[in-house]
């Protein structure tokens, strides 16, 4: 019995997988791999060479999920698709081509250690056991039902390289039994226990930094997780870089401060708990592999020297977050959220400060009043100075899309493109606010960041200038990402809450829907429902929204790098008419109700009477939040009724201040 198979493979575990398929009698129609990266330290076998030696067609496409490649694979008519250490996720349309299923070999005991670099992460975390798992592939990475697992013991002497060898052997053993059983239809699949799932992101050379305030055991685990052939654990010594290749833990630190050299022979460094003996290492990236004592001599270390980085004993430097548009709805709430966390320092710029007055005295909040189109030198300096940049400046009120389309383009695209280019120039992480508007008139039930088409109307419908300006900038950022820009795009879905707008903005029509409706209630004018008010939206509480955004800034294990993330509440879907009816109900029950005129009723009007002829509306806009759940461990919790109540209360109290001001002037 044979089965036509398409394989996605890389690394020598990819080679082990291909060899196991051949040994088990599978007919491999094609193999997809990755081209060799000259910047990468290649210590593993070549999938391409193995395929060439066995007469198997091999390809290395930039994007195997491209429709052209999916069409070619469909013509192969595979029974199975296998993935062995292939680095990219395979799309659902591609996986669906396998008549009998698509399966992946993952280097951990799932559901633990899903994601990238599991062999390195288990060592970093001091695990004593790992393994390999063969599982069915589904849309979500590493989440499908388990077919087989092979356990691997981790010895204290193991490094990432030795553990990788063990995993390669375990993979061959597992596949030797599982693949024939699969051909014979003798496998059973066990769903993963999601309550035990953990997810880890990719590791970078910067993750190898030694922080001497940490326990020696933790540093020992880091050293063996990133030792050769990986870039190594490191710290600064004067103007030099000390790379540690081999180390061991010694009990006690002689009462010395973290980072203090206790002795040079052996080279022993005090840690936050116990001490670390450096057996071997090198000076700088191009240095020789040396013993610890010789390394100490080369670096000019003596007993009592203090390694740079020992200042980490006072705690790591705070992350500096630059928020442009800090006085806006998202900016002021996000600043408040970040300032509750000692790890962050916030720098902000905006043309006003009324919404952030409550934050101005905070010692970790630094504000300058200014315009992004004018204060370019200040902005460039602070992008260079800060770690994370959030350009939140935009025109985002629908009437302006038709009333001032060129101004929308100039601010939302041109000015923000300058900010993105500064981030590219200074290699800074940018978290950019895309918008749910980019999905336009998409007909999908749930709008998916990675799958849904972005559909807009004809050119004469100018309301789409905001959507396409944002979409174009999304695409520019994505292209810069391919050249090294660290970015995350987030798409808010109808966030609401206190300080959303000002009632004055609603008076000139330049506000969001709920503010306009509240103004109608406050002034005793009819609530206008455009085109019947049947358009549905998913309303998200600002507290839920900024919590998700704060987690993007946290970026645990770098899981948000290069991602697009919808942030919305699909359970809070309601029409604009339903929004107005709930507002009215809460308005009538509010303690301040008696201060305002009687309700003037609902009135149906054509949208073009308010927005102009260039307007088009969207019937529904519901997000898929699978990415947010998976990457951020985030689920919205605030019900729409509560959000409406909080928003209404804020604006009614603001309206009361307006009512009281004239009498105050007269009293003077």
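The backbone N, Cα and C atoms fix where each Cβ goes, glycine too.
The shown structure was predicted, so the numbers you read here are calculated from the model rather than taken from an experiment.
Features of the protein shown, as given by Swiss-Prot:
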type	residues	note
ACT_SITE	106	active site, proton donor
ACT_SITE	437	active site, proton acceptor
ACT_SITE	621	active site, proton donor
BINDING	116, 138, 139, 140, 141, 142	(6R)-10-formyltetrahydrofolate binding site
BINDING	350, 371, 372	NAD(+) binding site
BINDING	396, 401, 435-436, 463, 494, 528-537, 615	UDP-alpha-D-glucuronate binding site
REGION	1-307	region 'Formyltransferase ArnAFT'
REGION	317-668	region 'Dehydrogenase ArnADH'
SITE	104	site 'Transition state stabilizer'
SITE	142	site 'Raises pKa of active site His'
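Swiss-Prot feature annotations superimposed on the structure.
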residue : record                                      : DSSP class
104     : site 'Transition state stabilizer'          : strand
139     : (6R)-10-formyltetrahydrofolate binding site : coil
371     : NAD(+) binding site                         : coil
437     : active site, proton acceptor                : helix
531     : UDP-alpha-D-glucuronate binding site        : helix
537     : UDP-alpha-D-glucuronate binding site        : strand
621     : active site, proton donor                   : coil
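Following the DSSP three-state reduction, the secondary structure of residue 116 ((6R)-10-formyltetrahydrofolate binding site) is coil. Taken as a whole, the region 'Formyltransferase ArnAFT' (1-307) shows an average pLDDT of 94 in this prediction. The two recorded residues, residue 141 ((6R)-10-formyltetrahydrofolate binding site) and residue 372 (NAD(+) binding site), show a Cα separation of 40 Å.
Looking at residue 621 (active site, proton donor) and residue 537 (UDP-alpha-D-glucuronate binding site), their Cα atoms lie 5 Å from each other. Taking the Cα of residue 106 (active site, proton donor) as the reference point, the closest of the binding-site residues 116, 372, 528, 531 is 116. The recorded positions shown are 372, 396, 437, 531, 534; of these, the one with its CA atom nearest the CA of residue 140 ((6R)-10-formyltetrahydrofolate binding site) is 437. If you measure from the Cα atom of residue 531 (UDP-alpha-D-glucuronate binding site) to that of residue 437 (active site, proton acceptor), you get 19 Å. Distances between the Cα of residue 436 (UDP-alpha-D-glucuronate binding site) and those of the recorded positions 104, 139, 142 are shortest for 139. Annotated NAD(+) site 350, 371, 372; additional same-chain residues within 8 Å of its Cβ mean position, judged by their own Cβ, are 324, 325, 349, 351, 370, 373, 374, 375, 393. Cβ neighbour count within 10 Å across all protein chains ranks 537 highest among the binding-site residues 528, 537.
Of all the recorded positions listed (350, 371, 437), 371 has the fewest other CB atoms within 10 A of its CB. For residue 534 (UDP-alpha-D-glucuronate binding site), the same-chain residues lying six or more positions away in sequence with a CB closer than 8 A to its CB are 575, 576, 577, 619. Spacing of residue 350 (NAD(+) binding site) relative to residue 537 (UDP-alpha-D-glucuronate binding site) is 29 Å (Cα to Cα, whole number). Neighbours of residue 138 ((6R)-10-formyltetrahydrofolate binding site), defined as other CB atoms within 10 A of its CB across all chains, total 15. In terms of local Cβ density within 10 Å, 372 ranks first among the binding-site residues 141, 372.
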